[in-house]
Structure formats: structure tokens, C-alpha cells
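Taken from Swiss-Prot as is:
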BINDING   GLY164, THR165, VAL166, GLY167, THR168, GLY169, LYS170, SER171  ATP binding site
DOMAIN    158-481  domain 'NACHT'
DOMAIN    665-692  domain 'LRRNT'
DOMAIN    904-968  domain 'LRRCT'
REGION    73-554  region 'Required for interaction with MAVS'
REPEAT    693-716  repeat 'LRR 1'
REPEAT    722-745  repeat 'LRR 2'
REPEAT    776-799  repeat 'LRR 4'
REPEAT    809-832  repeat 'LRR 5'
REPEAT    833-855  repeat 'LRR 6'
Amino acid sequence: MRWGCHLPRTSWGSGLGRTVPLPDELRIQSSWPFKGVHHPLRPPRAFIRHHGNSADSAPPPGRHGQLFRSISATEAIQRHRRNLTEWFSRLPREERQFGPTFALDTVHVDPVIRESTPDDLLRPSTELATGHQRTQAELPPLALSQLFDPDACGRRVQTVVLYGTVGTGKSTLVRKMVLDWCYGRLPAFELLIPFSCEDLSSLGSTPASLCQLVTQRYTPLKEVLPLMNAAGSRLLFVLHGLERLNLDFRLAGTGLCSDPEEPGAPAAIMVNLLRKYMLPEASILVTTRPSAIGRIPSKYVGRYGEICGFSDTNLQKLYFQLRLNQPDCGYGAGGTGVSVTPAQRDNLIQMLSRNLEGHHQIAAACFLPSYCWLVCATLHFLHAPTSAGQTLTSIYTSFLRLNFNGETLDSTDPSNLSLMSYAARTMGKLAYEGVSSRKTYFSEEDVRGCLEAGIKTEEEFQLLQIFRRDALRFFLAPCVEPGHLGTFVFTVPAMQEYLAALYIVLGLRKTALQRVGKEVFEFVGRVGEDVSLVLGIVAKLLPLRILPLLFNLLKVVPRVFGRMVSKSREAVAQAMVLEMFREEDYYNDDVLDQMGASILGVEGPRRHPDEPPEDEVFELFPMFMSGLLSAHNRAVLAQLGCPIKNLDALENAQAIKKKLGKMGRQVLPPSELLDHLFFHYEFQNQRFSAEVLGSLRQLNLAGVRMTPLKCTVVASVLGSGRHPLDEVNLASCQLDPAGLHTLMPVLLRARKLGLQLNNLGPEACRDLRDLLLHDQCQITTLRLSNNPLTAAGVGVLMDGLAGNTSVTHLSLLHTDLGDEGLELLAAQLDRNKQLQELNVAYNGAGDTVALALAKAARKHPSLELLHLYFNELSSEGRQVLRDLGGSGEGGARVVASLTEGTAVSEYWSVILSEVQRNLNSWDPVRVQRHLKLLLRDLEDSRGATLNPWRKAQLLRVESEVKTLLEQLGGSGH
């Protein structure tokens, strides 16, 4: 997978909020939880705003005209509205992650709907070519309120068919339309009755009248059923998902029936409704996939509308603004307080908007509203994880569930093949071939080769045509990047890696030898027992030496095939592990940063100059493969018709563990180590992780930006381990107190803990105090240098040190302690009895407090070394400290300068290496001043000694100091 300047292509699944926007008019339907408060967003063009809220207001009383004026009818309609509101307001778990106030009628952006004609429907499918753009150029757009307007000839429109490919938002559009009616926003209809064609098809041929179908689903409407005939066009039936229902409009197949109380097959009832033979004045809205449009003869349809998604970038931006600006979006799981601030949300939206403007490929992806949902869910996952156990793989699996759950490729086909299963076999093959050959751009021949592979019958060809019309655009998009025009790419890069992993774990990848071996194995399995029995009898009767050999061969065949399959699994595991630990990319970020960069438009990992420009990196492929083996994702995939057998999952996991055990023992760069941990996080199997990571002794994540998600990943994978970690290095990780709190189970296992350069303030010291006081704490070395702890923080920290029995080395270098902090340390140092080394250098302390701390250190029972260099010490103060440290009374040695009398301090290299390491982060003017003072000490000591060996040592150290000064001077200081 390459994460770089091109971005994933993004849109969202089976339904996300949308508005009916036109190129010259945008319509926003929004209602907020607080009455009278309008959302501040303003699209660049005029729009109409509607108000209402399902969260805290009951549906308004309907305007029933002359039809439903009776009290009983009015109450029945009101109960019906309330029931529909409750039912259609329920959101799947995947939507609830965006905050408790998120609701479909709170913020909604309708997709573009464009009117089409029967002639357009008869044109050959252009598959992935720019068919949508052609439609947009030729046909006018429609608003929801215009669907039943008279046609161009002035004729009344009674039946409207809306069609769109998978992911364009048909389901959400229907839900939003029903909720609009419930809140009085569709005054043209006094009664709305929605039907799910999936529900109707489940009834089979069981006879039921239209009245029974209505009352079984909407009990309150019993009161108004007698009035349906008189309702006319003010009665609206909504038939959602026509592709699920087999309709036969032939008179020989479905007889005429005009009585709503006459029982019949549900499909026959719908046919007579659509024929306008039953309730001829009623209005009907039908939604369907493109392949099923022809099931209704065009003479029964007054208007066709194509749902075209978010063809305008402004709609995409508006969707992201409304979705990501939810007030309750971004709070951590379990009340941990981790949240995305309004400023951070605004920054995300601005970066995403700039990316949409600058990179046409992500805009092409966001053409489908479902992929807009995926982008929002991914950003939410990366920046504000909300639920324990949520993984990147589960987001993609849920995304497919939202779009494909229960979807069959063709309801008329007896095989009842699931649409997702067909996609896994065809698109998964293309995706895996791309990963294997390291490419993301595919020619038309590549696509056709994977789609048409193995097709032999007319039925298989028909299924392929349905898939092309209904779902191909969901997975593939024309590439609009310069230099790759005429090729196709997966809608988002990560989808290629997900499908490739799915193709593997489903066992769809088989070599020719495996296919032949499987057939032989199945044949032997069918006849093996009988043949073995016959051979056994014959061998006893006739002295034929060949028969025992044949008998043994029959036993060997299953074992040979099993080994062949096992070798194939090991080969895949080997390729996956090698992909995960590739280091070819220069400045390779971890996969989470790569994914965020690709969505937000931040430049991704730079390539090494000698690397071929076409080389692709697919580091998410192993992550998805691991995630798909988790129990949760396997359960969801089974719902989609893609079951992964438990035995297959176990054997795949064993093969992966075998390879990881070998590769995982090597020392990895920090970003690669985080990828390794993320692999285990995706798997969600603590036993597997404990066995593979049992040999891990050093956790070096220095320089990795530890977001809340990454802290959760590390804590989840390593928090339950039992063996100690020799060193945990979290230097320069942008850690905050919340991150420290999350990582507490891991920090308790550390012996050496490095938290340098993390901008940790006094509030972080409370977590550090709790860490030090924990009865399982085994930290011996704690490095907190270059953090603004201040005197307030060190006071809290001393409370932890007072009760701690493990820490022997503590570094508080450059922690803004000042005189107050060192004075506090001097007063409370005796509360700890185990400390052996204390570094409080570069803290702005003066002579008095430095001397007081040095005296306290000399009295400490265990302290051996105290670092005080680079403080605001005078020449006299440094001399007093040198004299104190050089006295023969025992106690801690005090290091305040590069010299000890007329000799070089044995700690001179420690001091200068610390300066060199922090040269870019410390104040250059202040460092330069301190180095000049140290240089003066060296020169004075050199002038005061006659020992040539000491002079040579002093000259060498002077040279090192001058080199550092030149580096600072070369930087303009």
C-alpha cells in the first residue's frame, strides 16, 4: 500500500446523511438538539434550511385536510408517526460512535438525484467509465419535493423509481424521507406506508391481502384502512429494495386484483399496486439497484431518478463538516476524558477540505456517500477512539456490513449467492494480484481478467453483468491522477489491502497443484474406504506384493494434500510477515500515521532516491489479515455470506505465529515495532500475542507520535503481559497525561523508563506519583528530562519517591525546577532511601539552593552522584561545589563543571553528550553562554597545571566544547 500524496478514495456505505443539492443550489436539512440554535456552517451557495428534531420533540400534528379529520383517524395517524419515528431513528452501532446526539434528522446531506429516461436505461452499461458525469451533463437534477411533480408534458406522476449502485445512499434517503413525513415536512402526503422488499420476499408465496400486510406491520392503521381507497395521491407507498422481490407482470403469472382485502402472494399484491389496478390513485416510490430496474415495465413508471451521490465537492465538504462537528463526537471510552477539542475538529475539517480541493482522486472516491462515511469513521478512529476493542479491520468489516448485509447478487438465481461473497472472489482476486505484483493501478484487461475468470455458463455471465451494474463502481474507480489516466484504482487504497487479505483468509487463493490435489483428495475420500476394504481381502487371498503398497498409498494421499495446504499457508504467512517488516521506504511512518496523512493530505513517507518510483508498500495487508482472523470480524463476515471456518482460522494463525516468532525476535525500528504491536491489536487475541511477544524485552517507541489510539494499542497488547521489560523508551512521543494513564499497565512492567522530551507538565506528575506508589512498580531508572514539570510537579513527584522502593536513578534535567524546585528537593530528599543518582542539571538554579541540595545529597544514605551543571552558578559557586564534591568525607559526588580542580572531570563526556543530544531542542543562546563558562573553567584549569598529561586532556575537552560552539554559531547564534 502506498500512502503518499494521493489519498484514499472515500465515500460512505449504505446510507449516510445527504441533501438534495444541485450545481447551482445546495439544500441543507438540519435540525439541532437545541431549539433556535442554527449551525454556523455556510455553504458557498444559497440553500434552504428546515428545522426539526427527533431527539427532544414529538412529531407535530399532521395537516390531514378533509380525509382524516375524525378524532380516531387523527390519533391513529399520530401513533403511526410516532412508531415510524422510533423505528427509523434507530441507528446501527457503527453510527452511534459519532456521539449520543447524532441522529439522521439532526444533520443530513441529500445526494444528487438526476432525472433519467427509459432510453438512458436501455443504453449499454459503461461500467467504470464516466457514466455518472455524462448523466449529470445531460439531465436536470431533482429535489425530494419535486419527485412527484408533473412531468415535462404536464402529466401527473404517480410512480417514481429511484435507482443507484451500492453505496449511493438509497437506504438513508428512504429513512430520511420517512422521518421528514413524520415531522410534517412532506405535507403533500397525508399517509405514508413504507415496505421493505426484503421483508416481503421473506413471506414467499404465503397469501396475505394488502390490508393484512399493512396491519401486521403498522397496527395503528387499522382505524384508517377503510379510507385508503379515498386517499388518492395523498397516500404514499414506499417500496425499498426492489431487487429483493421477484415480480412477474405477465397476466399469466400474476392475475389482476383490485381489492386490498383479497389475499394473494405479497409479490402479486405489489405488482397490482404498481400496475395501478389496486388503489390506482395512490403514489408509489420505489428504490432499487440498477440491475432490477427492468422488473417494472416502463409504462407503469412516471419518472426515473438516478441517485448520483456527492458529485459536487461542496457537498462532500458539507457532509464532513456536519458529521465531524458533532458536539459529542470524540469522547473516549469508559469516561477517560480523551476528546477531540473544537479546534482539533476544525483543523481536521480544514485539512480534509484542502485535500478534496487539491487531489481529485479522493474527491472521486467521495462521490459515493458511503465512502464519506468511511473517511469520517477512520478519522474518528485515528483521533478519538471511543470503544474498547474497536479495530481498523472492524471498521472496514462494519462498513461492508452496512452496505452489503443481506444483499444477494440476484434474487431470481436459485444459488442465492451473496453479493459480498461474489465481490470477495472477484475483487479479492484483483486486489491480491495487485499486492503480489506491487501495483495499485489496473488496466481494463486486468479488471476483465479477474471478473471473467472461470465463467463457463450463461447463468454465470448474467451474474457477472449484475455485479458490474450494481457493485463494481463501489470497489473500483477510474484513476484521475496524471500519468495514470485510463487505468482503475480501488476506491480507497486500504480497500485493496482489505480485499486481498479477505481473499486469503477465505481460502480462495489456490494454486493449480492445490486444485488438482483437492479433487484427487475428495475422490480418494469417497472411494478410499471401499477400495481399502477390497484390497485388504484380496491381499489375504492372493500373495500379491503390490497390494500392500497400494493400500499404504491410499493412506498417504490425505497426508500429502494436508502438507501441501500447510506449505501454502506458511508461504502466505512468510510473505505477510516480510511485508510487515519491510524497511525499504525512507522515513517510513507507522501505518496509522500513513493512513491519517493520506486522508488529510499530509505528505506521506518519502521515497529513497534510489528506489523505483512505482514501488508500492502494502503494510496494511498483514494488519487486515490479522484482523479478519479475530472472532468478531469472522462473525460479521459470516452474516455477509463469507464464513471463515474455525479450523482455517486456527491453521492460518499457527502459520503466522511460526513466522512471527522468527522475525519478531529481531530489533525493530520504533515505527516498525508499533506496526508489529498494531498487528496484534487487530487480531484481538491476548493468548496469541503473549506467546509471540514473550521474548520482547525492550519497547523502543522513541519519536513515534503517541496518539490516544496508539497508547490504547500498546496498552491493549502489552498490558496483560507478565514478564518485565528491561527498557521502555517513550522519548519525543508527544505524550500527555491521558496517554500516561492509558499506558500505566505497560509502564508498571518497565525497569528503565524514558519519558524525555514529551512536554509533560505538573498534571502528569500525579500519574507518575501513582505509578511510583503502585505495589507492582519495578522501575529502577526514570528519565524525565526536557519536560516542564516545574516546582509544583516535582513536589507531587517527591510524594511518589517517598513511598517507592525501586527507583535508583532519576533524571530531572531541564525540567524548569528553578530555585523553588531545587529547594524543595533539598528539603525532602531524605524521604527516599534508595536513590543513587539524581540529575537536576540545566534548571536555572542559583548558588544558594544548589549548595543546599549538594549538602543534602552528601548526607543521603545511598545517593552517589548529583548532576548540577548548566545551572545559573557563579564561578565561586562552581568552585564551592567542586570543593564539596572533592572532599574526602564520603557521600555523593557533585558534578557541576567539566573540571575537578586542575583535572578533567571523569563525567565530561556525559555532560557534552547530553548537550550534543539536546542541541536542537535547548535555547541556543543559553547553551552558548553555559558552554563559554565551561570553556573558561577548562582554560583556567589548564593554566593552573603543569602536568602535560592533564594539559592534553584539557585541550581535548576544550576542542569538543569549541566544536559545539561552532555548531551553534553555524546556526546563526
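Keep in mind that glycine also has a Cβ here, set from the backbone N, Cα and C atoms.
Small disclaimer: the values here were computed from a predicted structure and weren't measured.
Recorded features from Swiss-Prot, shown on the structure.
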residue: GLY164; record: ATP binding site; Cβ neighbours (10 Å): 25
residue: THR165; record: ATP binding site; Cβ neighbours (10 Å): 21
residue: VAL166; record: ATP binding site; Cβ neighbours (10 Å): 25
residue: GLY167; record: ATP binding site; Cβ neighbours (10 Å): 31
residue: THR168; record: ATP binding site; Cβ neighbours (10 Å): 32
residue: GLY169; record: ATP binding site; Cβ neighbours (10 Å): 29
residue: LYS170; record: ATP binding site; Cβ neighbours (10 Å): 22
residue: SER171; record: ATP binding site; Cβ neighbours (10 Å): 19
Per DSSP, to which secondary structure element type does GLY167 (ATP binding site) belong, with helix, strand and coil as the options? coil
In this predicted model, the repeat 'LRR 1' (693-716) has a mean pLDDT of 93
Using DSSP, tally how many residues of the domain 'LRRNT' (665-692) sit in helix, strand and coil. 21 helix, 0 strand, 7 coil
Pull the DSSP breakdown for the repeat 'LRR 5' (809-832) and write it out as helix, strand, coil residue counts. 14 helix, 3 strand, 7 coil
What counts of helix, strand and coil residues does DSSP assign across the repeat 'LRR 2' (722-745)? 8 helix, 5 strand, 11 coil
Reduced to three DSSP states, the repeat 'LRR 4' (776-799) has 10 helix, 3 strand, 11 coil
Residues in the domain 'LRRCT' (904-968) grouped by DSSP into helix, strand and remaining coil: 52 helix, 1 strand, 12 coil
